[in-house]
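Q: For reference, Swiss-Prot lists these features for the protein:
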type   : residues : note
REPEAT : 68-102   : repeat 'PPR 1'
REPEAT : 103-137  : repeat 'PPR 2'
REPEAT : 138-172  : repeat 'PPR 3'
REPEAT : 173-207  : repeat 'PPR 4'
REPEAT : 208-242  : repeat 'PPR 5'
REPEAT : 243-277  : repeat 'PPR 6'
REPEAT : 278-312  : repeat 'PPR 7'
REPEAT : 313-347  : repeat 'PPR 8'
REPEAT : 348-378  : repeat 'PPR 9'
REPEAT : 380-414  : repeat 'PPR 10'
REPEAT : 415-449  : repeat 'PPR 11'
REPEAT : 450-484  : repeat 'PPR 12'
Amino acid sequence: MRRSTTISIASKANKFLNLCLLQKGNPVIVPFISRFWGRTFSTKRSSMNLEEEIDLFCKMIQSRPLPSIVDFSKVLSKIAKSKNYDLVISLFHHMEVCGIGHDLYSYNIVINCLCRCSRFVIALSVVGKMMKFGYEPDVVTVSSLINGFCQGNRVFDAIDLVSKMEEMGFRPDVVIYNTIIDGSCKIGLVNDAVELFDRMERDGVRADAVTYNSLVAGLCCSGRWSDAARLMRDMVMRDIVPNVITFTAVIDVFVKEGKFSEAMKLYEEMTRRCVDPDVFTYNSLINGLCMHGRVDEAKQMLDLMVTKGCLPDVVTYNTLINGFCKSKRVDEGTKLFREMAQRGLVGDTITYNTIIQGYFQAGRPDAAQEIFSRMDSRPNIRTYSILLYGLCMNWRVEKALVLFENMQKSEIELDITTYNIVIHGMCKIGNVEDAWDLFRSLSCKGLKPDVVSYTTMISGFCRKRQWDKSDLLYRKMQEDGLLPL
């Protein structure tokens, strides 16, 4: 009650000030104005929405004398935190038009927003402008530019900027190095990231856990697991404790390469160091085991994570269900699906797609269609492609054609894969003429036949001993620059 009363008073005072205090340069009211805006920011702003922030900004622009740049910066900062970067840039420009000068803080806010919008040329011009007004870029300025360049995959521009700033006496800190190293790793420039790591060491900047995590993940993604393991040992020697992200990155690459004993040793080491494996760690282990057909061990890993108090998520179950279905053990996959529901987890489209495909591959089209009819999540084009292909492969082509006809009438956007499946199904039952009609209609539907379309149709003509048509189509495929499968 007291808080709402304060806000109400502030609101009424605000209206009063805008009506009565628009005259410029009244020395009597300057202290009162400063106290008023200070009180407004301290009592009201935490509950203000975007529209109210804009309204406040407009009132501040109209007030005389003007509030301080600090107060304007608070509004810009709040709007920037809501990710309305273009709006901040517009308001910043409006302040300049109104003759309101900026300080380093407000410049940094707009530079960050420009970088978030990938408007790097303008961001650099703002840096030049602020330097003309006597404001030297600080670590926040440079960090914003570096982060923007890295997010825009312009890592070399980020490195060049650091070099130029060093010439001006700026010393990059661990945050800036981490940003560039992480950006380099994410676009596959792992060697450059390692060179930068060595450079920061030479410059006396101590790497932290974030540095190592980025490098370890980058090395793992590029298949350099031995270098990643060496880096982890280096971490331990420097008393930088690897965290769950570090361990998980290396475990993930070990299991993908089939090095399960090494992965389990690392798992045991992380528990020994009191680093609790999280759902991502277990998901990596389960995924790796499933990739190599070791689904029973993957299921044991699920049981282990539950006993350790780590709750599986939809990804965990989707991975396991997919593993069992690929191993032609679809009933066990369905059992996991039911267990998933008992844990309060709702299967997504991927879950249903996996089970439907599993039943089709097991030669049980009726069970697949039953799962589809009970599907809770919205089917996607992948779902329908699985249905069409499964029906065709199980000699239910007529049902597939009915489904295809319904799909054409619906708002589902069909792709070339969908048409290829239907063309294949028609050819499978000897209905080559209808398949040919569908093939020829592709261009009218805005689709271009791919190598699968051509080879399926050529194969259909060959089965009907229509050699001239198959030969002409083969030549057309070559003219389109497609090589046969």
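These residue numbers are counts, starting from 1, taken along the chain as shown.
Cβ atoms here come from the backbone N, Cα and C positions, even for glycine.
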Q: Near the repeat 'PPR 9' (348-378), which same-chain residues lie under 8 Å Cβ to Cβ, leaving out any that are not at least 6 residues past its ends?
A: 314, 317-318, 321-322, 324-326, 328, 330, 333-334, 337, 340, 386-387, 389-391, 393-394, 396
Q: Give the nonlocal contacts of the repeat 'PPR 7' (278-312) in its own chain as ranges (CB under 8 Å, at least six residues past its ends).
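A: Counting only partners 6 or more residues beyond its ends, the repeat 'PPR 7' (278-312) has Cβ contacts under 8 Å with 244, 247-248, 251-252, 254-256, 258, 260, 263, 267, 270, 319-320, 322-324, 326-327, 329, 343, 345.
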Q: Over the repeat 'PPR 12' (450-484), what is the model's mean pLDDT?
A: 91
Q: Against which stretches of its own chain does the repeat 'PPR 3' (138-172) lie, if we need a Cβ under 8 Å and a gap of at least six residues from its ends?
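A: Answer is 104, 107-108, 111-112, 114-116, 118, 120, 123-124, 127, 179-180, 182-184, 186-187, 189, 192, 196, 200, 203, 205.
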Q: Under an 8 Å Cβ to Cβ limit, what residues of the same chain, 6 or more beyond the ends of the repeat 'PPR 6' (243-277), are close to it?
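A: Residues 209, 212-213, 216-217, 220-221, 223, 225, 228-229, 232, 235, 284-285, 287-289, 291-292, 294, 305, 308, 310.
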Q: In the repeat 'PPR 5' (208-242), how many residues does DSSP call helix, how many strand, and how many coil?
A: 26 helix, 0 strand, 9 coil
